[in-house]
Structures are given as C-alpha cells and as structure tokens.
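Colleague: A single structure is presented below for examination.
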C-alpha cells in the first residue's frame, strides 16, 4: 500500500484550514436529511439492507468491505462516490490508487444494490447515498449500532487519483500523520478512534502489516508493541518474502461481529495494524483514554461510532444541482 505523507504546515495554516473546512461542512451537511427519499423511494433503506443480507450469505467480509469503500470515498473530495468510477479516457480511477488497488472490494454488491434501487425508483437514489446506507446496514447486521443516515448526496462527475493517494490514511502511517488527515476533513481525535473501531470486523492483507513483523522502521527487529504470541502467529502466516496478499482477521477474537473487542485487543498489544496499535501505544497521546473508555463500555463506543459515521458522511457532499444521480455507479451518465 502506497504511503504519501502530507507536507508539514505551520499551525496558523492548519487552524485556518480547519476553520474553512468546518464552515463548508456546516453549509453542505445542513442540506442532507433523513427523509430525503420518503416521497420518491421510501423503501431505499430496506432495499439496501436486503441486498447486503443476501451478499453476506456467501461473503462474510462484505460488510467491512462496504464501510471501507465509504471511508475511502469520503476522504477524497468528500462523500461523492468518486471511488466507484472506472477508468475512462478522461477519468483516472481512484480504484488504482495505492490504498485501493487490489484491496478495495464490494463493488459488485454496490452494483447489485444500485440495480435493485433503479428497478424500484429509477434515477432517484445516488451512489454516494448507497455507500452511506450500505455502511449503516453492514454495521447493524453485524451486531453493531444503527443510526439515522442523512441523505441527499449527489454523485461526482470525475475521480481524483492523486487525492486518493495522498489523503486516505494508511495503516503504516504515524498517529500524528493520520490525525492530521482526519483534521483536514473536519474530523477530530474522538472521530479517529471511534472510526478506527470499524476494524473490529473484516480482514487485512499481510502487505499492510508485515512491516511490523521482522524489520520495523529499519531496526532489524519486530515492532516492540506487538504481542509476542501474536507476532509468532503472524510471522508464520506472513513469512519474509511470502505473499503480500494472504489475509487474516483484523479482530482475532470475534472477526465477523461488530463489538468493542478491537479496543481490548489494543490494550493487550494485539492490534493487527500499526495505525491501530499506535492509538494505545503512543506515549502521552490523548487517544489512550478514548481507547480505554471504549474498551470498558461498548454502549459508549457504539454511540460514538454512530455519531462519527454521521460526521464522516457529512464531508463535503454534493447537493442541490451539483453533480448528478448516476444511473450506473461505475460511470458518469452519458458516457
């Protein structure tokens, strides 16, 4: 997975950026509402949920994959379904970006959802709203919280490959870099920890954590924050010069359930990804107290996660006459 660190900026620039971004979000997100499709496609949420239920019968990973698509979409020019666009003569697909290539998945299920929605309500529900609805349904179906999904997003007319390479947080980045990337889109530290809790289900490839197993940060030794028992298991699964595509569970204890075990894992140094473990192992970080509170109180985590998903879904949506309602999520209309 490619890692591109954002250039360092002085504090005044960062504060100004956050103020500007926050003011934009306040205007855009206010146009989203929970009843947007009540008169035009009242069964939209039920259609999304039933399609995912069907997909789960043959792919237990699909819920985690769908929420990851929403996350990677929102961090690049906002929640506009740009991640779903294929390459064309004029569009460089975000699917080819380092954080997405050979790892982003679930596009076929998005297409199935969109087909079902088009059959019921032609030209009404946007692909960006499909991702938002699919994320809520995926979490709920895995035993996690439900929340009111705000709707009314429209779809982008292009993609941003460079933005996908630079803006999406990487599992091998430092906590400070990831915190900056969250701040750049108007999300705070509580959002960072809560949304990281989505790693309570799903899988990860050896290629995104094998940097911790043998030669961490050029030391010639494994990551010292990695539990020795887990380290031994992972070294066997992902040997040096082995396949980077081998997958394992993000949460070893309850891999397909949405719960707060992810945070307990961090407390015992059983976080799979560097970016996860740093939430608890970075000395003096404010994230430690948040991890501790979520580990001891699942209800608190669920409440925070639901709110943070709403916050993330409010990142720079296209509304009104901006963008379009794609008829096929893979391509802009008329192409």
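Using the three backbone atoms N, Cα and C, a Cβ is placed for every residue, glycine included.
Per Swiss-Prot, the features are:
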{"type": "SIGNAL", "residues": "1-30", "note": "signal peptide"}
{"type": "CARBOHYD", "residues": "33", "note": "N-linked glycosylation site"}
{"type": "DISULFID", "residues": "41-121", "note": "disulfide bond"}
{"type": "CARBOHYD", "residues": "43", "note": "N-linked glycosylation site"}
{"type": "SITE", "residues": "68", "note": "site 'Transition state stabilizer'"}
{"type": "DISULFID", "residues": "74-79", "note": "disulfide bond"}
{"type": "DISULFID", "residues": "127-329", "note": "disulfide bond"}
{"type": "CARBOHYD", "residues": "165", "note": "N-linked glycosylation site"}
{"type": "BINDING", "residues": "169", "note": "substrate binding site"}
{"type": "CARBOHYD", "residues": "177", "note": "N-linked glycosylation site"}
{"type": "BINDING", "residues": "200, 251, 254, 259", "note": "Ca(2+) 2 binding site"}
{"type": "DISULFID", "residues": "206-238", "note": "disulfide bond"}
{"type": "CARBOHYD", "residues": "215", "note": "N-linked glycosylation site"}
{"type": "CARBOHYD", "residues": "227", "note": "N-linked glycosylation site"}
{"type": "CARBOHYD", "residues": "241", "note": "N-linked glycosylation site"}
{"type": "CARBOHYD", "residues": "297", "note": "N-linked glycosylation site"}
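In the displayed structure, how are the listed features positioned relative to their neighbours?
Modeller: Around the Cβ of residue 33 (N-linked glycosylation site), 13 further Cβ atoms fall within 10 Å across all displayed protein chains. DSSP assigns residue 33 (N-linked glycosylation site) to a strand in the three-state reduction.
Cβ contacts within 10 Å of residue 121 (disulfide bond), excluding its own Cβ and spanning all protein chains shown: 16.
Residue 43 (N-linked glycosylation site): 14 other CB atoms within 10 A of its CB, across all protein chains.
In sequence order, 104, 106, 198, 202 make up the list of same-chain residues 6 or more apart from residue 68 (site 'Transition state stabilizer') whose Cβ falls under 8 Å from its Cβ. DSSP assigns residue 68 (site 'Transition state stabilizer') to a helix.
Within 10 Å of the C-beta of residue 74 (disulfide bond) there are 30 other C-beta atoms, taking all protein chains into account.
Residue 329 (disulfide bond) carries neither a helix nor a strand DSSP state and counts as coil. Note on residue 329 (disulfide bond): other Cβ atoms within 10 Å of its Cβ, all shown chains, come to 22.
Secondary structure from DSSP puts residue 165 (N-linked glycosylation site) in a helix.
Residues within less than 8 Å, Cβ to Cβ, of residue 169 (substrate binding site) and separated from it by at least 6 positions along the same chain comprise 75, 177, 178, 181, 182, 275.
A helical conformation is recorded for residue 177 (N-linked glycosylation site) in the three-state DSSP classification.
Listed in sequence order, 200, 201, 261 are the same-chain residues at least 6 apart in sequence whose CB falls under 8 Å from the CB of residue 254 (Ca(2+) 2 binding site).
Annotation for residue 238 (disulfide bond): same-chain Cβ neighbours under 8 Å, separated by at least 6 residues, are 206, 209, 210, 213, 244, 246.
There are 14 other Cβ atoms within 10 Å of the Cβ belonging to residue 215 (N-linked glycosylation site).
In this structure, residue 227 (N-linked glycosylation site) belongs to neither helix nor strand by DSSP; it is coil. In this view, residue 227 (N-linked glycosylation site) is surrounded by 15 other Cβ atoms within 10 Å of its Cβ, with every protein chain counted.
Non-local neighbourhood of residue 241 (N-linked glycosylation site): empty, since no residue in the same chain at least six residues away has a C-beta under 8 Å from its C-beta.
In the three-state DSSP scheme, residue 297 (N-linked glycosylation site) falls into the coil class.
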Colleague: Applying the rule Cβ within 8 Å of the centroid of the Cβ atoms of 200, 251, 254, 259, what extra residues of the same chain belong around the Ca(2+) 2 site?
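Modeller: Leaving out the recorded residues gives 201, 253, 255, 257, 258, 260, 261, 262.
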Colleague: What's the most sparsely packed of the recorded positions 177, 200, counting other C-beta atoms within 10 A?
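Modeller: Looking at the recorded positions 177, 200, the Cβ with the fewest others within 10 Å is that of 177.
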Colleague: So which one is it: of the disulfide-bonded residues 127, 206, which has the fewest other Cβ atoms within 10 Å?
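Modeller: Relative to the other disulfide-bonded residues in 127, 206, 206 has the fewest Cβ atoms within 10 Å.
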Colleague: Quick one: Cα separation, residue 74 (disulfide bond) versus residue 297 (N-linked glycosylation site), in Å?
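Modeller: Rounded to a whole number, the Cα-Cα distance is 28 Å.
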Colleague: Among 43, 121, 329, these being the recorded positions, pick the one whose CA is nearest to that of residue 259 (Ca(2+) 2 binding site).
Modeller: 43
Colleague: Which of these recorded positions is closest to residue 121 (disulfide bond) if you go by CA atoms: 33, 79, 251?
Modeller: 33
